Amino acid sequence: MTDLASNVAVESDDFATHSAEVAGAGTVEIVDEAANAVPEMKHPLHKVLSFVRRSGRLDDRLQRAWERYADTYLLDIAAGNGLLDVREGVRFDRPFVEMNWGNGNPLIVEIGTGQGENVVAAAAARPDMNFLALEVYDPGVAHTMLLAGKHGLTNLRVAQVNAPELFKVADAGVAAEVWTFFPDPWPKKKHHKRRIVQPGLAADLHRALADGGVWRIATDIEDYALHVHEVMDGLEGWKNLGALTVSLPLEHVGKGNADLAAGMPHADFMESERFGGRVLTNFEKKGLAAGRVIHDFTYQVVD
């Protein structure tokens, strides 16, 4: 791990601790499962969202970061309708990149950047690339901007929009890579439609990625790994670059039934070695400490 990546990870650990301390102020919302039945939060046009918006204010440190860095890093492209749609008239194309980054360098987009430690470390390590962090939650947006500002990054921008909506207005070849690391697993079977990896998004990414571009995915949830294979492995125009054989159950077990998977019929699937460009985030550390296996995927756009 580079010195910068180590610094970013330490700062993110501090942020996680600080967030827990101010939970009463609304930065972190902890509710029990029975009381947190997820409503069918549908867009007026019946679009299914992969996230649930939670109200709450930023703590003082993150509020100051927002006020200090938003003009530098935050793209003003949200429709402002509470569902984080993209504003009408926005086109995600190469002129958009050149206007907002000031150059024509290739673009890497991370969907769901969380606290931002991965995308910030990547942007610092690759000044020849542009980076776009897509995050829906206020604390994550603020902390990503805080880290970027601390390290003086000029090749990173942040957008607080629903990722599938942005890629619906994307032109061909706008991005070199898309990353989706540890997305919300939505473990209940009835909520699998909310998982971010879906055929519709894959179709839009296939158009948005440049020739030979890749979609990198990682999860520490076995059931989600099966979901990724089910969605992606049979799609025309994508090639699974994985060379690592992994055995997975052939059925979804749903939340709370993970132990049942061991006794189910299994099959071999191809996955990737751990992506070296992903820093070991606090989130990934927790998964490893809990004994979970990390599943990495690399899908390349092909003719």
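Cβ coordinates come from backbone N, Cα and C, glycine included.
TrEMBL annotations: computationally assigned, not manually curated.
Annotated features in TrEMBL:
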type	residues	note
BINDING	E110, E135, N162, D184	S-adenosyl-L-methionine binding site
BINDING	K188, D220, T281, N282, F283, E284	substrate binding site
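The record assigns E110, E135, N162, D184 to the S-adenosyl-L-methionine site; their largest pairwise CA distance measures 14 Å. The candidate set comprises the binding-site residues E135, D184, D220, E284. Of these, E135 has the most other Cβ atoms within 10 Å. Taking only the Cα positions, the spacing between E284 (substrate binding site) and N162 (S-adenosyl-L-methionine binding site) is 23 angstrom. Residue annotation for substrate gives K188, D220, T281, N282, F283, E284. The furthest Cα pair among them is separated by 25 Å. E110 (S-adenosyl-L-methionine binding site) falls within a strand segment according to DSSP.
Applying an 8 A CB threshold to same-chain residues 6+ apart, the list for K188 (substrate binding site) reads G254, K255. Least crowded of the binding-site residues (N162, T281, N282), judged by neighbouring Cβ atoms within 10 Å of its own Cβ: N282. Here the Cβ of F283 (substrate binding site) has 16 other Cβ atoms within 10 Å, regardless of which shown protein chain they belong to.
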